[in-house]
């Protein structure tokens, strides 16, 4: 009890009253999205008994923050990979080691960013908080894409974002449905189709915008004219997709918010996340620091992925489309399994489909950013990559069309992901492909 009273007193450091914070926390709690719920499933309750005995107030504040932010996650065991990656890069260790350590370090950071945005959201109000959570939900993927873009590695941008979408649709969702089906064999698993239908519609819009630039290469025009037309169409389609995503945010966060709100299991378990555990400025400072660390490790990943590819004899496409998303989506993957096991499929679908929708909109955002930077990037993913994306979206849509689930649906999604992974495993990417300004489909002739 003393530790909880001390914890509550700690969150008043921004000058806000306890009653006001409590009311705001309750309002935020009932507006939490599935992505917030996915991250909270990996958090562990901090024991502040020893920390509360520290006499110095400033030292106690620092220790409470370290306890909540660094040790408040089940993934805290991976935090040592961050300094190890920095040391490996600084002392010139093997580049493949830097790549692996950076990926391991990004895994807990992605979950902690979600935690910190939620803590800041307790003080900013439901509308701003929901927007923060939606924006920072897949910050790691966006930061990696931006750094790859700054190094003019267009293929890496496309591969990494494509891999995240396919991984969320087939691996994360498939594992959730498979585990949930096995754990609940005696029950009929049901979910609300409204949220799933909306996310799938957005994914089909994104797929349309990727298909049309690809089809330009079959119209019979010269390569120069085709490339120019594809680029112009991609930029126009990117603007349309960004507008569509802004409308989707309004739909999700304001006009039809009830469709996307996750049922909070904390209401059944005592409301452990009903109050902020750190203050606003502490949360904001930690959020900035975590984001800068993600940026540093993302830089390492972009710089070392080709060296890792050469060292391991694997193509850059396989590392970017299969390996990178497995680490980047580790939080969503673990949470989706947990909620699938608990028969909370609405949350599992919100995690996988919501992340896929958001990441699909990062691609047009990168096209617009590249346009501003003077880099020619289009929405053409090439035939193999676009076909994989198309099949992943279509198979997922068919699997979710009746509003019920069982383990066989999950197994089929996992097997489809394995086949796609095997395809990119045996594919051999030319060594210089990730350095060119764009990837174009070679003529069948």
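Just so you know, glycine gets a Cβ as well, placed from its N, Cα and C.
Taking TrEMBL as the reference, the stretch among 198-216, 217-235, 388-406 described by the feature transmembrane segment is residues 198-216.
TrEMBL lists transmembrane segment for one of the ranges 236-255, 256-275, namely 236-255. With DSSP classes pooled into helix, strand and coil, the tally for the domain 'Sodium/calcium exchanger membrane region' (284-420) is 114 helix, 2 strand, 21 coil.
Long-range contacts of the transmembrane segment (94-110) within its own chain (CB-CB distance under 8 A, at least 6 residues past either end) are made by residues 73, 75-76, 78-79, 81-82, 84-85, 88, 139-140, 290, 293-294, 297-298, 300-301, 303-305, 307-308, 311-312, 323-324, 327-328, 330-331. Take the transmembrane segment (407-427) and the stretches 69-88, 198-216, 318-341: counting Cβ pairs under 8 Å, 318-341 has the most.
Contact check: the transmembrane segment (353-373) against the transmembrane segment (198-216) gives at least three Cβ pairs closer than 8 Å, residues 6 or more apart, which meets the contact criterion.
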